[in-house]
Amino acid sequence: MQMGRPTLLPCLLLLLVLSTQACFIRNCPEGGKRDVHMIQPTKPCMNCSFGQCVGPRVCCGAGRCEIGSTEADRCEEENEDPVPCKVLGQHCVLNNPGNVNGNCVDGGIGICCVDDTCAIHRRCD
């Protein structure tokens with residue numbers, strides 16, 4: 001069976017399209033296709049009146065955490081920044097479904113925080 005030129009060209013184009021892993025305008029990552037596997041940059045979480053922000057409206061330090069107080073309201077600004085922040089301190093694990101990897105709040109106050117909650121943790125003393 002012989003394939004004519006009019007048939008060969010569309011077949012080659014179809015093969016080319018199917019074999020490439022294209023990144024179209026609607027689904028490209030911000031840094032381009034090669035940026036997908038890069039580690040996302042982080043920065044230390046901002047400071048609040050007596051410690052460090054560990055979540056929106058959550059401020060921890062000096063042996064305590066405050067949630068929703070006027071001192072912790074400044075931490076809401078962290079949500080406006082597109083670069084995610086990381087709580088300073090050693091790694092800890094919470095029993096929080098879907099969000100278990102956290103960090104101890106700096107200062108050895110015995111509190112471990114993940115993105116949306118904090119709890120007393122013996123590893124953080």
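Using N, Cα and C of the backbone, Cβ positions are placed for all residues, glycine too.
Some features that Swiss-Prot has for this protein:
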DISULFID  Cys23-Cys28  disulfide bond
DISULFID  Cys45-Cys85  disulfide bond
DISULFID  Cys48-Cys59  disulfide bond
DISULFID  Cys53-Cys75  disulfide bond
DISULFID  Cys60-Cys65  disulfide bond
DISULFID  Cys92-Cys112  disulfide bond
DISULFID  Cys104-Cys124  disulfide bond
DISULFID  Cys113-Cys118  disulfide bond
MOD_RES   Gly31  glycine amide
SIGNAL    1-22  signal peptide
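Projection of Swiss-Prot feature records onto the structure.
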| residue | record | CB count, 10 Å |
| --- | --- | --- |
| Cys45 | disulfide bond | 26 |
| Cys48 | disulfide bond | 23 |
| Cys59 | disulfide bond | 29 |
| Cys60 | disulfide bond | 29 |
| Cys65 | disulfide bond | 23 |
| Cys75 | disulfide bond | 26 |
| Cys92 | disulfide bond | 21 |
| Cys112 | disulfide bond | 26 |
| Cys113 | disulfide bond | 26 |
| Cys124 | disulfide bond | 22 |
Whole-number Å only: compute the distance from the Cα of Cys45 (disulfide bond) to the Cα of Cys53 (disulfide bond).
6
Counting Cβ atoms within 10 Å of each candidate's own Cβ, which of the disulfide-bonded residues Cys53, Cys85, Cys104, Cys118 comes out highest?
Cys53
Could you measure between Cys118 (disulfide bond) and Cys53 (disulfide bond) for me? Cα positions, answer in whole angstrom.
11
If you measure C-alpha to C-alpha, which of Cys48, Cys53, Cys85, Cys104, Cys113, Cys124 (disulfide-bonded residues) come within 10 angstroms of Cys92 (disulfide bond)?
Cys104, Cys113, Cys124
